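Listed features, source TrEMBL:
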BINDING   GLY175, ASN228, VAL229, ASN230, GLU231, TYR232, LYS233, ARG234, ASP297  (6S)-NADPHX binding site
BINDING   268-272, 287-296  ATP binding site
DOMAIN    62-371  domain 'YjeF C-terminal'
Amino acid sequence: MVLMKHVMSSQQLSLLSYANTCMLMASSSVYRRQQFLIRSLGGGIDHSRNMQQDLRSVEVDAESVIRSITPALDPTRHKGQAGKIAVIGGCREYTGAPYFAAISALKIGADLSHVFCTKDAAPVIKSYSPELIVHPVLEESYSVREEDKKTISRKVLAEVDKWMERFDCLVIGPGLGRDPFLLDCVSEIMRHARQTNVPIVIDGDGLFLVTNNIDLVSGYGLAVLTPNVNEYKRLVEKVLSSEVNDVDATQQVLSLAKKIGGVTILKKEKSDLISDGDTVKSVSIYGSPRRCGGQGDILSGSVAVFLSWARQHIIAADPNSNLSCKNPAVLGCVAGSAMMRKAASLAFCHKKRSTVTGDIIECLGESLEDICPAT
């Protein structure tokens, strides 16, 4: 008994001596340089940092989210209750993008889908589908005299504003172009959307506009930005004054969303990262290796619908809801990302290399039915 007690005391003394030595080493510049070298060579692990990322980055059960927020097809509901979406975009050069976003919203399950575009774009977009309500109200600089710009701008805003309170979500940017006068008008539309608490999903040239005027969305919790690689790079450089950090992508997208005041960012990449500045969600459902143009437009239209459904779901305070996240913008991004990926995968199975955006749109309904059957 005495011998065992003596041995244990020796062990305790050895541990205490080792701990003191470590503390002395940790305080030395030599030790710190050694640890920096180890981390640089990939031999060290920053446990506190990894724990922070593990706590804040979560692979979401996206299909469960879709099932929770998708409203049932109830015969007592009337036209418009399943969503009224408006796309602000479409100019002489770009007519496909606003069509893709607007028709995707309908294919997901919205009841009504509007497009506010320039007069040149309207006949073309109308010819794509009679399902869309097309408003030829936007103007570009080439068609407006300098002395008439203020008057025309007020008319454009008034025309959009009279519809604003009817919409459940705006999609701003698909096919918008970068005409200065047009962008000024859209800036005013965004300000009015904020005043009436209408959610906005911003993509394409809308992100160009926002990157150069962050105040348009700063602090607005119902704003969603959906940047691709290049758009994200410009946002990071503008807002964080740094380069894109792919090693610590989770923390960076969190910091970016927080810096813009709690907007939700859907960073499009191999695994989509979604953050509102408080948490980071990941959607890694396999999509398609085919990268045809227009998929971002499908995504923006899909996110708009799911965001409006999530908002209705949260407002209704369904007691049977199992959703831990209560931010409709985040939920909309999770559902929209998963739906886009699932539809792209299905379209690719059918068409392989010849897959185009229209093929993916046609798979949206089947993809949603597979997750959330109408019956």
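Residue 1 is the first one shown; counting continues down the chain.
Yeah, the Cβs are placed from backbone N, Cα and C, and that goes for glycine too.
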By a simple count, how many Cβ atoms lie within 10 Å of the Cβ of GLY175 ((6S)-NADPHX binding site), its own Cβ left out?
28
Identify, in sequence order, the residues in the chain of ASP272 (ATP binding site) that are 6 or more apart from it along the sequence and have a CB within less than 8 Å of its CB; answer 'none' if there are none.
LEU266, SER282, VAL283, SER284, CYS333, SER337, ARG341
Would you identify which of the binding-site residues VAL229, CYS292 has the most other C-beta atoms lying within 10 angstroms of its C-beta?
CYS292
Measuring Cα to Cα, how many Å separate VAL229 ((6S)-NADPHX binding site) from LYS270 (ATP binding site)?
11
Could you measure the widest C-alpha to C-alpha distance across GLY175, ASN228, VAL229, ASN230, GLU231, TYR232, LYS233, ARG234, ASP297, the residues recorded as binding (6S)-NADPHX, and give it to a whole number of angstrom?
20
How far is it from LYS270 (ATP binding site) to GLU231 ((6S)-NADPHX binding site), counting Cα to Cα, in Å?
15
Which listed residue (GLU231, ASP297) has most other Cβ within 10 Å, given these are binding-site residues:
ASP297
Average model confidence [pLDDT] within the domain 'YjeF C-terminal' (62-371):
96
Using a 10 Å radius around each Cβ and counting other Cβ atoms from all shown chains, which of the binding-site residues LYS233, LYS268, LYS270 yields the largest count?
LYS268
Cα proximity to ARG290 (ATP binding site), best match among binding-site residues GLY175, LYS233, ASP297:
ASP297
Across all protein chains in the structure, which of the binding-site residues SER288, ARG290, GLY294 has the highest Cβ count within 10 Å?
SER288
Do you know offhand how many angstrom separate SER288 (ATP binding site) and GLY175 ((6S)-NADPHX binding site) by C-alpha?
23
Cα of ASP297 ((6S)-NADPHX binding site) to Cα of LYS268 (ATP binding site), in Å and rounded, measures 12
